[in-house]
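Swiss-Prot annotations:
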| type | residues | note |
| --- | --- | --- |
| ACT_SITE | Glu189 | active site |
| DISULFID | Cys264-Cys283 | disulfide bond |
| REGION | 23-273 | region 'A1' |
| REGION | 274-315 | region 'A2' |
| SIGNAL | 1-22 | signal peptide |
Amino acid sequence: MKIIIFRVLTFFFVIFSVNVVAKEFTLDFSTAKTYVDSLNVIRSAIGTPLQTISSGGTSLLMIDSGSGDNLFAVDVRGIDPEEGRFNNLRLIVERNNLYVTGFVNRTNNVFYRFADFSHVTFPGTTAVTLSGDSSYTTLQRVAGISRTGMQINRHSLTTSYLDLMSHSGTSLTQSVARAMLRFVTVTAEALRFRQIQRGFRTTLDDLSGRSYVMTAEDVDLTLNWGRLSSVLPDYHGQDSVRVGRISFGSINAILGSVALILNCHHHASRVARMASDEFPSMCPADGRVRGITHNKILWDSSTLGAILMRRTISS
């Protein structure tokens, strides 16, 4: 009997250990290569390749519907490759939509979570709810900067790291808001978009201190992730794809910009808990909305509708 109980306990211990490991990833900023490799590991772990959008061994991935815990941790490493003390920052991310819920200072295991994620807990941490939410509108207002034109390099990430590690209390301060804007961009947004990954990664091997500057086009991608996620699964070789001001003329153009999309036909991805201004980054509320092919172009329905209406008015 004791042997049976021991085996059962061992089985559950192994399962629990596997689950814990599966929820933890490392994002290594030591070099451009380690950074991209780390992103690809996370993408492959949570996404499934779309065979219809694949070229030369690179595919667009869709987030798996998954089961169990919807959170995973991203441990930041290599901000300063020569200083081990810069290895105590952990970001807690929702799996089904890649929203960063907050950060953990691993020196004391305090989890500083945004106000809109006040219900979120993570094993082994003590939660503190910040006074502001995670919407880009709130973060930009508190930070006093705009995402368009925001500069990020190794030095600014080091400063951001130190700001987060020195934070205490519930106030969403300017320094914390700025730091989270930067880290969300080079983690969650870089996971979603190769265009952002590509723009930032080259700064990691640049000794001159050159910065990645977030462009209006980059910001536009991030605000249309939900619409892109709804439309791109319907791509089957059409001449181009149109979503708002975004246009892709080939598979390679899609793959060069987008890496990972939402699973818009799984209910958890369609729950919008962000502020109303953030809704464009979510899947359409109606999970049945799909892309529309018109004149060999794959359209987002609202984009096509707006264009056809303008043509009707002008005719």
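Glycine is no exception: its Cβ is also placed from the backbone N, Cα and C atoms.
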Mean per-residue pLDDT computed across the region 'A2' (274-315): 70
Cα separation, Glu189 (active site) to Cys264 (disulfide bond) (Å, whole number): 18
Cα distance (Å, whole number) from Cys283 (disulfide bond) to Glu189 (active site): 16
DSSP-derived structure type at Glu189 (active site), helix or strand or else coil: helix
Cys264 (disulfide bond), number of other Cβ atoms within 10 Å: 25
The residue listed as 'active site', number of other Cβ atoms within 10 Å: 23
